[in-house]
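For 62-84, 335-357, 378-399, 447-466, 486-509, 549-574, the entry in TrEMBL reads transmembrane segment. The annotation domain 'Polycystin cation channel PKD1/PKD2' is assigned in TrEMBL to 446-576.
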């Protein structure tokens, strides 16, 4: 009845004159569909055009599925190569321990006095340990400066600062014009410090085995910290959030005031050195950033590696300190083992094979004069990005090997001087090592981003391969189709999300770090939207009712409604695509048929041969017709081909018999009958001429009767088809109801 009501509603459209041309044009195409659907006589035969589509689909599916193992191998080779080079697990084990151990106690700093106390009592004793765990001093200096037993300091520990200039606030104008300010946007390179001549510890003959230094050399060494070393409520120190990076000073390689402490220096002398620079006011109101850097060698876990420890202390001009820790690893060997070399060679070989294949396809496209069309294909663009990215990764690793050689050469020089126990007062060798290590760390940080993005690019290659298999293509097609609706949905979501982020910044930003900046507020609102969890007492400490309104409306509008709308969009598209594919073959069946085709490749008829032969075959093709044209076709291929054709025919019939298309076909038949009726009426009224001059009106009655009989026959067949579809649908519903009852009974 619903279908009948739809058809009657559609018939009403004919009363509108503006719709007649459009309906007439559509009727021409659907009339042919109706005749094809109702005119089939042999159920064992399949239309030729259906078989052409099936053969083309099978050809694309075969080659598409063959690319899946290649993409998987390429992705695994790249992943294994990066994992072997980066040694992520061991790197985390070492870096996490050092980061926790060396930054312990830093949260208690709140001013310059707190920094000195932390240096003297916490980090320097940990870096320059000269006794064992029982408190017994080591007899050999080679055992000094070990951190967590297995990591030893290499080269000097650098304590450097950057300073601001002192100037009148607002250039002496305004209400604060009589105050001094220390802008973080300025950098000072002037010498500073107290002019008092303070006593220093005199060198002793037993301090260093590699030589002695003088008092003047030591004083010059200690005083060098006060000159620029040119190189290419209570607020405690807190770990700095990334959002605050742009608001606080960052490390620069220029205008740095450096204190260099070497690992072969006795701890008492280190303490005297620190007291000297403290007494000469090395830290004062102009200090804006202190950076502590140290290199540690570890040869116990995996490849020998240098660990770069950096601890940054930023002075906020609003008062208080902010800290953040950075750890980086520099391997002194490029390859962990032979397997790493083999995997790198295989990856490069596979990438070269992709390049040759794409050049071959481009050459064929040029030969067919389809080069522009070939270059515009999505797969061609993806392959080009894969090749360019792979070459960039290989070149990047080669450059990393060169930088590693420079660092290793500098390390060997520093290690030799360290064994010789050269006096720290005259030793400048370790600064070059730290400089080269910084250069390599900066490069590796950027290169890791490249490798991460290339890994995501390899993921996209999987999606292109998945689209060749019907069941796997359901997921990829869902993402592709729903992307348009999601983009339009984001247009609505973005201003709503931004408005709540701004409101949260205004309401909570003065007391909550999560909302203190706009970008931090946007990120935290996204976290709230996805997780749906929040600490209500923390939020409601102030402005209780305002907080209640903001939080509740945010949760209802963004977390409950907006987020579920995204799921609804995706599930709706998935359901419709899943219904269109029907009971398509599974991934396992596709794999089995591919293996079968490879196994029977000698007698398997190629898809190109089938496509060339189909235009010369009958409109309705049977198995005998295929065997007559291809006598050597195996039974397995015949069964797979005809089964796929029958399935495609059933899917076409189901699509043609749905409510909307059935109504269109019925309308097309109705329009044909109306044309006949109009012609008969015109003949009856004498307003239409039907014959030529010799035989006026001859045969028009017979032609009219034949056409009306044909149209009547088509309408009756259409009615029977629709009744059959309705019965089949009712059988399916009854079957589902019986299965549901059986499942209920079993439970």
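Just so it is clear, glycine is given a Cβ too, placed from its N, Cα and C backbone atoms.
Since the structure is predicted, the reported quantities are computational estimates derived from the model, not experimental observations.
Across the domain 'Polycystin cation channel PKD1/PKD2' (446-576), DSSP assigns 114 helix, 0 strand, 17 coil.
Nonlocal intrachain contacts for the transmembrane segment (335-357), taken as residues 6+ away from its ends with a CB within less than 8 angstroms of a stretch CB, comprise 70, 73-74, 77-78, 80-81, 84-85, 87, 302-303, 383, 386-387, 390-391, 394, 397. Tertiary proximity for the transmembrane segment (549-574) is limited to same-chain residues at least six positions away from its ends with a CB under 8 Å from its CB atoms, namely 474-475, 478-479, 481-482, 485-486, 489, 493, 496-497, 500, 503-504, 507, 525, 528-530, 532, 534, 536, 539.
Remark: the transmembrane segment (62-84) makes no contact with the transmembrane segment (486-509), by the rule of 3 or more CB pairs under 8 A. Remote same-chain residues near the transmembrane segment (486-509) are listed as 515-518, 521-522, 524-526, 529, 539, 543, 546-547, 550, 554, 557-558, 562, 565-566, 569-570 (criterion: CB distance under 8 Å, separation of at least six residues from the stretch ends).
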